[in-house]
Amino acid sequence: MNPNQKIITIGSICMTIGTISLILQIGNIISIWISHSIQTGSQNHTGICNQRIITYENNTWVNQTYVNISNTNVVAGKDTTSMILAGNSSLCPIRGWAIYSKDNSIRIGSKGDVFVIREPFISCSHLECRTFFLTQGALLNDKHSNGTVKDRSPYRALMSCPIGEAPSPYNSRFESVAWSASACHDGMGWLTIGISGPDDGAVAVLKYNGIITEIIKSWRKQILRTQESECVCVNGSCFTIMTDGPSDGPASYRIFKIEKGKITKSIELDAPNSHYEECSCYPDTGKVMCVCRDNWHGSNRPWVSFNQNLDYQIGYICSGVFGDNPRPKDGKGSCDPVNVDGADGVKGFSYRYGDGVWIGRTKSNSSRKGFEMIWDPNGWTDTDDNFLVKQDVVAMTDWSGYSGSFVQHPELTGLDCMRPCFWVELIRGRPREKTTIWTSGSSISFCGVNSDTVNWSWPDGAELPFTIDM
């Protein structure tokens, strides 16, 4: 074969290969177009097949939440339809309390990235329940956890995470800069209330779906503060209580009615002989009931009940089973403040059922240790100390702390009544445990059930001190 023939042969082979390659590319383009057309068309069909099954492997991010799972099928596309939470149902009948969540955040925080927190509380929408908490702008077992026994600082913030999870930078959502706070969902969006600033000029910042909608300035210039638990939403309006004034004497107490983050009405309570702080509130048949802390002179708990027009009634739980801490031994109660061991106090809650009341309280009379639920069938109106049911949830030897109420609406549970629930803060570190340089807490929660339950202890369980404390 002479050189010219070789050139012609090689050229022919190259042209043949090029032609085949071009045909393959055209076929590939046609195949992609047909596949895209089929996928686009299938998205227009409705029915049970439009649920997307996504397989997550190893570590990934889902809706800004870090997930560490393997080969797990998750059904995506949960219905997120907005609806107004009516709040018109009565409380569900219950016989006891079932454990609902436990986050073990202090135990996990000895080795993982977990926030230093206090004042956790829980609130539920019609889709989910979330744990809200006040961070100290620091992580456990880190140098910035030093001195976090302080209540009010510019580093504190209200954040939230899915219920039952240890609060960390990887699963938590920023809500508001705050050292006192509340939050609730009206069925359409989250209302958050965050109070921050100096003691003599603090400001409450109201946000609706993350956007600032209203400001409340301290009117007494004496540590404006709010509930440290969920506010209450009824028929599209949300309600909260704030306190401004002395913690050891008469102060000023205001109820606010809020719609989509905007204040539509407010009143000041006429309660010169009562003291209302850190109220735990819940809806019941369209009204709002709040059970609060008397830090001035009552070892029984004050209450205020009001309707959607803010017409209100006030009083004290009459039972001789006293709910505050410190408190005297159970005995003769009063429908007015019980002055014995009445100074100071701790955030708490109760649920009213007619003349009866479920009382949540520490097991210790003098320190924040242990926790129990007591059913007094006449305790709302009678002053004796007789009760029918006592359920232990934290042993006397283990630390507790604040506690508060939250409810699950029928729109979430599918029940025809309002499910009562509560949470308990399990404080660890200073000032009681002086081997640490920090103060933080984990939490547990329970919900009411109409069945037999169990006495047990669900303590924090962390072994102290940590490495940073050595």
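Using the three backbone atoms N, Cα and C, a Cβ is placed for every residue, glycine included.
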Fill in the blank from the handout: Among Asp248, Asp324, Asp330, Swiss-Prot assigns to the Ca(2+) site of Asp294, Gly298 just Asp324
Problem - Cys417: disulphide-bonded cysteine as recorded in Swiss-Prot, out of Cys14, Cys49, Cys92 - result: Cys92
Practice task
Name the residue from Cys184, Cys233 that Swiss-Prot records as disulfide-bonded to Cys231.
Solution key: Cys184
Practice task
Compile a sequence-ordered list of residues in the same chain as Asn235 (N-linked glycosylation site), six or more apart from it, whose Cβ lies below 8 A from its Cβ; state 'none' when nothing qualifies.
Solution key: Ile84, Ala86, Gly87, Asn88, Gly286, Gln308
Handout entry: Spatial separation of Asn365 (N-linked glycosylation site) from Asn146 (N-linked glycosylation site) - C-alpha basis, Å
Key = 30
Completion exercise
Counting other CB atoms within 10 Å of each candidate's CB, the least crowded of the glycosylation sites Asn88, Asn146, Asn365, Asn455 is Asn455
Handout entry: Other CB atoms within 10 A, centred on Asp151 (active site, proton donor/acceptor)
Key = 15
Practice task
Rounded to the nearest Å, what's the C-alpha distance separating Asn365 (N-linked glycosylation site) and Asn455 (N-linked glycosylation site)? Just drop the number here, would you?
Solution key: 20
